[in-house]
């Protein structure tokens, strides 16, 4: 329990190496996009971070359902861990997207469905963390967290669809409402390979981080139990 | 829960609803606060946006819904804080009825309060901005939109009142989740006010309906685990 498991160390090394390979491919292997140039290379990590963010939030919703059925604190730990990691990666996704949008769309921000949904999603899960902070009883905190993770995850596709209908009726002038319109490009095989490697690298990183966060949560629970024992 | 002699689901729901309505009828605390607050919001909007008496239909739909939703948050918080503070929640939980019936009763009561506020706000808004808002279509949108809002709102408020930071927590929990309802309700209301053809309004009505169904059923499924102790 106290020492890091051998498998986790191996996973850390593999994830680090995969990330290095992905970065190398982004810079040296993937071809330069003809119109957008070097800024297009943000795309590989942008998509990978977005994927990991969705993975984290989806996993948290599943963990929430299982927690409500089984009532094991392990599932609650998994839910928080997945959401914390999801928040970080969604933020990376939004920020890299903005870095790309500035030269390509000529604006940091448009009220496009994807941008807006990603940011609202970020707000939903910040609210999740605030809800947990306000509740002391760990069992109740876990139940409420599970309920909110489920409700929040359900609202994400609805938000996306409502904003998409919103934009198709009233198209935005700046940067075009459709993200495939401005700055769209077709991928060469090398680009696809780089994207795939990035996705795998980020997924490995996600699993490694999740594992670390789970261990941290378990250790935190043990500290809490020891403290209670000392007090009594 | 179908114990012999136990009250049916609907009887329990109606009892909770009746309790809330009777309590409100005697105190008139919640509705008066919601109404005054809603009026204040409309007045603040008037100065903040320098509104003219002839409003664009899209703008008045937006103001109407922001007003309703702010007033609704006030009502939701209060409606569950009252139960929690005076220990009424424990009494409700001791009753041998389905927990979902308690949720249904509270949600129905909150829905009724929101509809009453809307019923007063719509004509008042029409007077202030010289427009007719009491149209059958707008009424339909208010019914659907308030239902979706209250379905999630009652669920989240019953969690928020049990947290340490409860007064500030409810809007933070509720608003990001309820955005699809606001978007759809604003667009549908605006559509009816501008007298758009039905096929342009229908996607929004459909979205509102989908939202209502999804969130009402999810709330019924998970409410048991909120009131457990």
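Numbers run from 1 along the shown chain.
Every residue, even glycine, has its Cβ placed from backbone N, Cα and C.
All TrEMBL annotations are machine predictions without curation.
Remember, it's a predicted structure, so these values are computed and weren't measured experimentally.
Long-range neighbours of the transmembrane segment (A:7-30) within the same chain, counting only residues 6 or more positions beyond its ends whose Cβ lies under 8 Å from a Cβ of the stretch, are 41, 44-45, 48, 190-191, 193-194, 197-198, 200-202, 204-205, 207-208, 211-212, 215. For A:7-30 (among others), the entry in TrEMBL reads transmembrane segment.
Look at TrEMBL and you will find A:15-170 tagged as domain 'Cytochrome c assembly protein'.
The transmembrane segment feature in TrEMBL is assigned to A:42-68 (among others).
According to TrEMBL, the feature transmembrane segment maps to A:80-101 (among others).
Look at TrEMBL and you will find A:113-131 (among others) tagged as transmembrane segment. With a cut-off of 8 Å between Cβ atoms, the residues of this chain six or more beyond the transmembrane segment (A:113-131) that come close are 50, 53, 57, 83-84, 86-87, 90-91, 93-94, 97, 144-145, 148-149, 152, 155-156, 159-160, 163-164, 166-167, 177, 179.
TrEMBL lists A:143-166 (among others) with the feature transmembrane segment.
Here TrEMBL flags A:195-212 (among others) as transmembrane segment.
Same-chain residues lying 6 or more positions outside the transmembrane segment (A:195-212) and placing a CB less than 8 Å from one of its CB atoms are 8, 11-12, 14-15, 18-19, 21-22, 25-26, 43-45, 47-49, 51-52, 55-56, 78, 81-82, 85, 89, 187. Beyond the transmembrane segment (A:42-68), the same-chain residues lying 6 or more positions past its ends with a Cβ under 8 Å from any Cβ of the stretch are 22, 25-26, 30, 75-76, 78-80, 82-83, 85-87, 89-90, 92-93, 96-97, 99-100, 118, 121, 125, 142-143, 145-147, 149-150, 152-154, 156, 194-195, 198-199, 201-203, 205-206, 210.
Among residues of the same chain six or more beyond the transmembrane segment (A:143-166), those with a C-beta under 8 A of the stretch's C-beta atoms are 57-58, 60-61, 63-65, 67-68, 75-76, 79-80, 83, 111, 113-114, 116-117, 120-121, 124-125, 127-128, 131-132, 135.
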